[in-house]
């Protein structure tokens with residue numbers, strides 16, 4: 001099994017990252033480079049979280065081997081543990097051979113740092129740029145990131161000057177590398193504690209409130225009212241942008257040098273707007289630079305950027321509105337079915353998507369009723385209690401992990417107890433659950449936060465490229481300090497435990513933080529205690545109340561504005577429900593009419609066709625000669641009419657009115673101005 005666990009987790013984490021990215025991104029519409037860069041960032045961060053427990057168990061085994069092979073004097077002087085017997089030092093099932101983990105961590109860490117500090121910010125500006133060429137987009141991205149790169153270069157220079165001026169340090173490449181790692185981890189730890197303090201309280205509370213059906217329904221009504229406002233604003237913004245594009249498209253003709261830029265913008269517009277603008281275009285007129293004023297290329301770049309943003313926002317609000325309606329209808333069905341005597345779940349509307357037959361076979365209406373109305377609330381309550389206990393343990397350990405004698409961190413106590421018996425399964429499970437819970441609290445906050453409309457991770461393939469790349473940047477910056485914080489909580493970091501023991505492979509890549517003592521002994525030790533204050537602020541919803549006072553409507557039970565929005569959302573849901581009920585009733589009536597009278601209409605139609613065939617055959621046999629006579633006369637009349645049309649006078653191509661064309665009313669083939677119907681304004685560019 002040597003190395004097999006590492007390979008299995010590498011494959012599993014890849015598909016996990018691919019699944020999450022497919023849920024939030026859109027593989028068909030978004031650029032492949034954006035998808036690949038985001039997938040790589042997410043994959044590397046998730047991989048660090050899953051592989052780190054294997055590194056811990058392998059390090060404990062290596063410490064055991066060194067304690068056995070070393071002399072008693074070395075074991076008493078260099079190692080804090082008592083040398084066990086050789087029978088106790090057996091290899092863990094997930095043992096990773098020597099030399100693999102350092103190379104693995106070095107590749108993963110430096111790749112993630114290159115992504116978060118250089119590649120992803122550049123791609124972020126590139127994806128948001130409104131340029132019409134690759135060169136223009138690259139130029140815009142470099143200009144936007146000049147200040148960004150300069151700021152971090154200034155911070156790194158400050159650290160470098162501090163170390164150079166201090167006479168106690170002799171600058172070497174390893175120390176310079178450690179300074180860069182310390183600067184990146186300091187920034188990440190600052191953001192990590194903020195997100196962790198919110199997640200430790202909000203995650204258990206959200207699961208506890210998830211067991212309250214009335215609470216979820218009221219919050220859904222509240223979201224519906226806010227989303228309807230955002231949806232109307234997005235539609236209005238899109239209309240304004242489309243109006244600006246229409247004016248630009250009418251002013252810039254087909255032979256203008258900037259016409260290619262306008263065509264590129266039109267391709268980004270919704271289909272209905274493209275057809276509408278195509279019918280109103282008239283490209284027969286040449287442009288004249290002396291008499292007309294045309295927009296510049298910079299204004300077109302700005303307009304192109306607005307189009308991309310407006311179309312994506314409008315599409316996102318439309319999809320979110322449909323999802324929210326389904327959620328509201330389902331919660332209302334749950335509230336109705338709770339008092340059902342038959343104990344079978346009845347849906348008001350049937351699912352629009354076809355369900356899996358296997359799921360239908362096992363997840364019957366009876367099973368659905370027991371799960372939704374009876375078991376699910378209790379499951380969420382139990383899960384919330386377990387998560388609350390984990391949160392308390394994390395807060396306690398964050399405040400006491402620096403204490404080594406006695407050991408107060410509960411996670412360190414658990415690991416040390418398992419280390420004495422060398423129970424590697426227990427060690428890996430304890431490490432995995434600990435770091436997994438920390439990751440859930442931090443990463444879920446990244447998925448929940450929303451910075452106006454610039455950063456927002458929306459599910460069902462509605463996240464834009466800018467937000468995907470920004471999330472990859474956050475993950476790459478948060479994961480290394482998260483892992484270091486976990487190693488400190490479990491006292492596997494020699495900087496925290498103050499023991500001269502073999503470090504983990506991950507800690508060896510980070511280097512010795514003793515180069516910057518004020519960070520290693522100060523910031524890394526005492527700053528995580530701030531999580532207590534953040535948890536208290538989150539518990540009393542201080543951030544929500546501040547946002548509500550600033551005018552950003554937040555869901556608060558004791559607010560009058562919240563009550564008004566709940567009533568508004570309830571009315572909106574009720575209208576949409578009536579609308580869908582009328583649509584289903586009309587569809588059912590049409591289906592019943594077709595089932596009832598469809599066969600009768602088919603039989604009547606077949607009888608009519610059979611009668612016509614008999615009459616036509618009878619007439620052909622009995623009146624063959626008169627029919628040929630009428631046919632010849634009709635053919636002659638047609639020939640006379642064709643000759644009459646050929647003798648008509650030629651058309652005036654410059655005719656200005658309908659009356660100038662004498663044959664328009666009869667033939668219907670010509671239009672004013674001497675144009676054919678196939679060359680009219682409304683149809684000439686429909687295929688473009």
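Just so you know, the numbers here start at 1 and follow the chain as drawn.
Backbone N, Cα and C atoms are what each Cβ position is placed from, and that goes for glycine too.
Unlike curated records, TrEMBL annotations are generated automatically.
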Tell me which of 359-377, 378-396, 397-415 corresponds to the transmembrane segment entry in TrEMBL.
378-396
In TrEMBL, which of the ranges 55-78, 79-102, 103-126 has the transmembrane segment annotation?
103-126
Highest-contact recorded stretch vs the transmembrane segment (103-126), from 33-52, 146-165, 177-201, CB pairs under 8 Å:
33-52
Could you tell me what the rest of the chain brings near the transmembrane segment (177-201), counting residues at least six beyond its ends with Cβ under 8 Å?
113, 117, 155-156, 159-160, 163, 391, 394-395, 438, 440-442, 444-446, 474, 477-482, 484-485, 510-513, 515-516, 519, 523-524, 527-528, 530-531, 533-535, 537-539, 543
Contact call for the transmembrane segment (425-446) and the transmembrane segment (523-542): at least 3 Cβ pairs under 8 Å, seq gap 6+:
no
